[in-house]
Amino acid sequence: ITAQSALLEREAQESSTTDEELAGRRAANGSSERGGAASTPDYGEKKLPQALIIGVKKGGTRALLEAIRVHPDVRAVGVEPHFFDRNYEKGLEWYRNVMPKTLDGQVTMEKTPSYFVTNEAPKRIHAMAKDIKLIVVVRNPVTRAISDYTQTLSKKPEIPTFEVLAFKNRTLGLIDASWSAIRIGIYALHLENWLQYFPLSQILFVSGERLIVDPAGEMAKVQDFLGLKRVVTEKHFYFNKTKGFPCLKKPEDSSAPRCLGKSKGRTHPRIDPDVIHRLQKFYKPFNMMFYQMTGQDFQWEREEGDK
């Protein structure tokens, strides 16, 4: 698990986004939109998004966003707006203003991974656009939890060990499902909330593991789901042996390849194998339920059995 999670580790810093950051990013977007062959010139209009990457934290949402932004018919916000969880009271006009300008036929997108676990988000998003397309990047919940902890540890080195936080009672093996690092991985529980408002046909589930080993294959599904031509293909990726995951390259020009920043590929702390085993047992029924709900087998148990 530790070796695999080190390879999988590449999620963005899930920091809160301030108005100043958003304003700065909007200014930056304005200047970048004016240059570059593939970028949209500074005209068009700001629209509410037609697609959202709603989760999950530490699943691979940043990698997916960076890859889909290569598509000329996609315009996306780089910073997480956190509109439907933290900034909702600011209203839809504020939200629209955060978006980049688009031309007819282009898809406006944003990603905020905490939406998937926010109780109010499905209802609020449905009120804005009931036909919106939703993308969820999921990943083995055990590796996701360790990755989540690793990110927090890098910011707060004084926090207790993973083992201490994961259990209510270590002797009895009682997992603490109230700890967010554990709770986020109970995907079936969160999905139930979304299915009250949206049909499965409007939700695409992307495998965080396959995004690493076959980024072009997963991106083909994403582009089909969004109704786009398959522009982002094998030629856009190369595997970075140092980082342990694919990086984007731009074959049309000579600019340097884009790899995710230093917050990706962090080495995970060593976790007691017994703790990992107990977590696998804890998640298994929820994973099975999630497979049934989505009609997709993500093979997380098989992956664990291989180790």
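The count begins at 1 with the first shown residue.
Glycine residues also receive a Cβ, built from the backbone N, Cα and C atoms like all the rest.
Keep in mind it's a predicted model, so treat the numbers as computed, not measured.
Taken from TrEMBL, the feature region 'Disordered' covers 1-44. Among the features that TrEMBL reports, domain 'Sulfotransferase' is placed at 49-284. Annotated active site, for sulfotransferase activity per TrEMBL: LYS58, in sequence order. According to TrEMBL, the feature 3'-phosphoadenylyl sulfate binding site maps to LYS58, GLY59, GLY60, THR61, ARG62, ARG139, SER147, LYS264, GLY265, ARG266, THR267, HIS268. Under the heading disulfide bond, TrEMBL lists CYS247-CYS259.
The predicted model assigns the domain 'Sulfotransferase' (49-284) a mean pLDDT of 92.
Within 10 Å (C-alpha to C-alpha) of the residue listed as 'active site, for sulfotransferase activity' lie the following recorded positions from SER147, CYS247, THR267: SER147.
Between the binding-site residues SER147, THR267, SER147 has the most other Cβ atoms inside 10 Å of its own Cβ, all protein chains included. For the pair SER147 (3'-phosphoadenylyl sulfate binding site) and CYS247 (disulfide bond), the Cα-Cα distance reads 19 Å. The two recorded residues, GLY60 (3'-phosphoadenylyl sulfate binding site) and CYS247 (disulfide bond), have Cα atoms 13 Å apart.
Ranking the recorded positions LYS58, ARG62 by how many Cβ atoms sit within 10 Å of each one's Cβ puts LYS58 at the top. Within the group of recorded positions (GLY60, CYS247), the Cβ with the highest number of other Cβ atoms inside 10 Å belongs to GLY60.
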